[in-house]
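> The following feature annotations were taken from Swiss-Prot:
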DISULFID  95-187  disulfide bond
CARBOHYD  3  N-linked glycosylation site
TOPO_DOM  1-23  topological domain 'Extracellular'
TOPO_DOM  45-52  topological domain 'Cytoplasmic'
TOPO_DOM  74-97  topological domain 'Extracellular'
TOPO_DOM  119-137  topological domain 'Cytoplasmic'
TOPO_DOM  159-194  topological domain 'Extracellular'
TOPO_DOM  216-235  topological domain 'Cytoplasmic'
TOPO_DOM  257-269  topological domain 'Extracellular'
TOPO_DOM  291-321  topological domain 'Cytoplasmic'
TRANSMEM  24-44  transmembrane segment
TRANSMEM  53-73  transmembrane segment
TRANSMEM  98-118  transmembrane segment
TRANSMEM  138-158  transmembrane segment
TRANSMEM  195-215  transmembrane segment
TRANSMEM  236-256  transmembrane segment
TRANSMEM  270-290  transmembrane segment
């Protein structure tokens, strides 16, 4: 039994105290994590290997998959280990790192989704200037800005959140170190800086959402003027998955962060945290690949008998270096 008064870390309550449910939770999360790992690694590999996919759209998609891979790895493996051991304790250093990487990667994901929507807008609404707008250098700078902005956001949240004096027991009613849940432990009126920073971050995310929506309003108005039904279908099949992913992620995360914290644990908190921490990284590979003919063709080519020997030779050459 963990001593709540003397421990320097935190106690993550997770989903249940019953041993059978803890094992079930660990198994479900393990299967989900392996699916997310496989799907995102497959997308990264396909885009890297197939030269036909070396375009801005797939370049950003590769970085989204990399972000998803890192994002789900921040929370799920720790939660699986805690459930298997029947111990929800997490050290202070682990919690600080988890908050930093969680906020950094979530912020980067919002930013990359915004960049991807602008890329689609430029490709469809300004096709004559697309190669100039989204040249390789601009794409690299956009991705670098995404990662730097996410890192700064995570650094600020971690620094401010862990400088707040804690007055309550170090019990977090979540399966990871969730900032809104941690604010419940803060002394009265001592977390105004974190609330101000959270408000700024939420405002930035809202601006990103508005940018995405405006981009797609312009995109759909342009698409509806395309005379060919086949052309409209092709554009919709490319754009709708991205719009769904962005809306789902931002809506679930926004609902969780904008809710007023209560003193008791809530099933709603746990459900919505799963919606924006576990489900998007798992479903994104499926959403982007199933409706994308180029991705499916590249996957078939990579798995074909003619291509497999060449892939093996490339891998052997890489390992020899």
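Easy rule for this one: first residue shown is 1, then count along the chain.
Glycine too: its Cβ is placed from the backbone N, Cα and C atoms.
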> Sort out the residues at least 6 away from either end of the topological domain 'Cytoplasmic' (45-52), same chain, that have Cβ-Cβ distances under 8 Å to it, and list them.
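For the topological domain 'Cytoplasmic' (45-52), the far contacts come to 58-59, 61-62, 294-295, 298-299, 301-302, 311.
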> Check the transmembrane segment (98-118) against each of 24-44, 53-73, 138-158, 236-256 and return whichever range has the most CB pairs under 8 Å.
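The stretch with the most close Cβ contacts to the transmembrane segment (98-118) is 138-158.
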> Enter the number of other CB atoms within 10 angstroms of the CB of residue 95 (disulfide bond).
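Counting Cβ neighbours of residue 95 (disulfide bond) within 10 Å gives 22.
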> Could you give the number of helix, strand and coil residues in the topological domain 'Cytoplasmic' (45-52) as assigned by DSSP?
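Summed over the topological domain 'Cytoplasmic' (45-52), the classes give 7 helix, 0 strand, 1 coil.
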> Around the Cβ of residue 187 (disulfide bond), how many other Cβ atoms lie within 10 Å? Please give the count over every shown protein chain.
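The answer is 11 other Cβ atoms.
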> By Cβ distance under 8 Å, which residues at least 6 away from the ends of the topological domain 'Cytoplasmic' (119-137) in the same chain are close to it?
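Same-chain residues near the topological domain 'Cytoplasmic' (119-137) but 6 or more away: 56-57, 60, 215-216, 218-219, 222-223, 235, 238-239, 242.
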> Secondary structure at residue 187 (disulfide bond) (DSSP, helix/strand/coil)?
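Where residue 187 (disulfide bond) sits, the three-state DSSP reduction gives coil.
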> Which sequence-distant residues neighbour the topological domain 'Cytoplasmic' (216-235)? Criterion: at least 6 residues beyond either end, Cβ under 8 Å.
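Sequence-remote neighbours of the topological domain 'Cytoplasmic' (216-235) are 117, 120-121, 124-125, 243.
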